[in-house]
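The signal peptide annotation in Swiss-Prot covers 1-18. Among the features that Swiss-Prot reports, domain 'Peptidase S1' is placed at 25-249, with the record citing sequence analysis. Look at Swiss-Prot and you will find Cys31-Cys163, Cys50-Cys66, Cys98-Cys256, Cys142-Cys210, Cys174-Cys189, Cys200-Cys225 tagged as disulfide bond. Per Swiss-Prot, active site, charge relay system is recorded for His65, Asp110, Ser204. The N-linked glycosylation site annotation in Swiss-Prot covers Asn154.
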Amino acid sequence: MVLIRVLANLLILQLSYAQKSSELVIGGDECNINEHRSLALVYITSGFLCGGTLINQQWVLTAAHCDRGNMLIFFDVHSLKGLNKDVQSRVAKEKFICPNRKKDDEKDKDIMLIKLDSPVSNSEHIAPLSLPSNPPSVGSVCRIMGWGAITSPNVTLPGVPHCANINILDYEVCRKAYTGLPATSRTLCAGILEGGKDSCKGDSGGPLICNGQFQGIVSWGAHPCGQSLKPGVYTKVFDYTEWIQSILAGNADATCPP
């Protein structure tokens, strides 16, 4: 009953944002149901929506700015308009955010680990995505996915996850696009220089997958989404692998890299 009620609320949320529009998704298409096995839908009871990535049977990685109180995490969700009998739902038992994260800057160290109240079971449409063994190189083709907006600035939420291919860009592209970025950063700059492909509202916390490896977490970007010379900024997962492994090993006091 809880699952039915929550998915009904998600549908209401999706319909409440919908605008009459013939525009296509921001550079992407509906994901193949077999390509988002690690994608988690992170739902907060207030209606706030994020994505996440299953990294093993009991842990999900998402963005720290998605931390909004009580969380329900769903797996094997495709359409928000209909119940899939194989959907698995879990409660966030514990949440871990970098202890050295700047409290007044939600863009800083935008990464959060969620421990589920019980492990999920692998299935045809549920499987974890392993952490990266190396960082991505500039020019790498990467996949973004999520239930986020398919039009911007007028928001239309699609009700099914959409996927698009973007590229890893030189960090200097983002420094030119957004004032105030530091000279070095534990983030990835990714997008299409001419615009038209981008993550957007509701995609936060979802994965950036490059050559089959989980390389980034959707963090922030320009509004409206998909502007030329305004790529997205993604948390660089590779730089946090030691912290992630420490938390998974039981070291709750582990500190993130500066």
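Numbers run from 1 along the shown chain.
Each Cβ is built from the backbone N, Cα and C atoms, and glycine gets one as well.
Small disclaimer: the values here were computed from a predicted structure and weren't measured.
Distribution of Swiss-Prot features across the structure.
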{"residue": "Cys31", "record": "disulfide bond", "contacts (Cβ under 8 Å, 6+ apart)": "His78, Met145, Val160, Pro161, His162, Cys163"}
{"residue": "Cys50", "record": "disulfide bond", "contacts (Cβ under 8 Å, 6+ apart)": "Val42, Ile44, Thr62, Ala63, Cys66, Gly202, Ser204, Gly205, Gly206"}
{"residue": "Cys174", "record": "disulfide bond", "contacts (Cβ under 8 Å, 6+ apart)": "Leu181, Thr187, Cys189, Pro231, Val233"}
{"residue": "Cys200", "record": "disulfide bond", "contacts (Cβ under 8 Å, 6+ apart)": "Ile26, Gly148, Ala149, Ile150, Ser152, Gly221, Cys225, Gly226"}
{"residue": "Cys210", "record": "disulfide bond", "contacts (Cβ under 8 Å, 6+ apart)": "Pro136, Ser140, Val141, Cys142, Arg143, Ile168, Gly216"}
{"residue": "Cys256", "record": "disulfide bond", "contacts (Cβ under 8 Å, 6+ apart)": "Cys98, Pro99, Asn100, Arg101, Lys109, Ile111, Tyr240, Trp243"}
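Neighbour counts of Cβ atoms within 10 Å were taken for the recorded positions Asn154, Ser204; the minimum is at Asn154. Across the structure, Asn154 (N-linked glycosylation site) and Asp110 (active site, charge relay system) are spaced 26 Å apart at their Cα atoms. DSSP assigns Cys174 (disulfide bond) to a helix in the three-state reduction. Averaged over the domain 'Peptidase S1' (25-249), the predicted model reaches a pLDDT of 94.
Sequence-distant contacts of Asp110 (active site, charge relay system), defined by Cβ-Cβ distance under 8 angstroms and a gap of at least six in the same chain, are Ala63, Ala64, His65, Ile217, Ser219, Trp220, Thr235.
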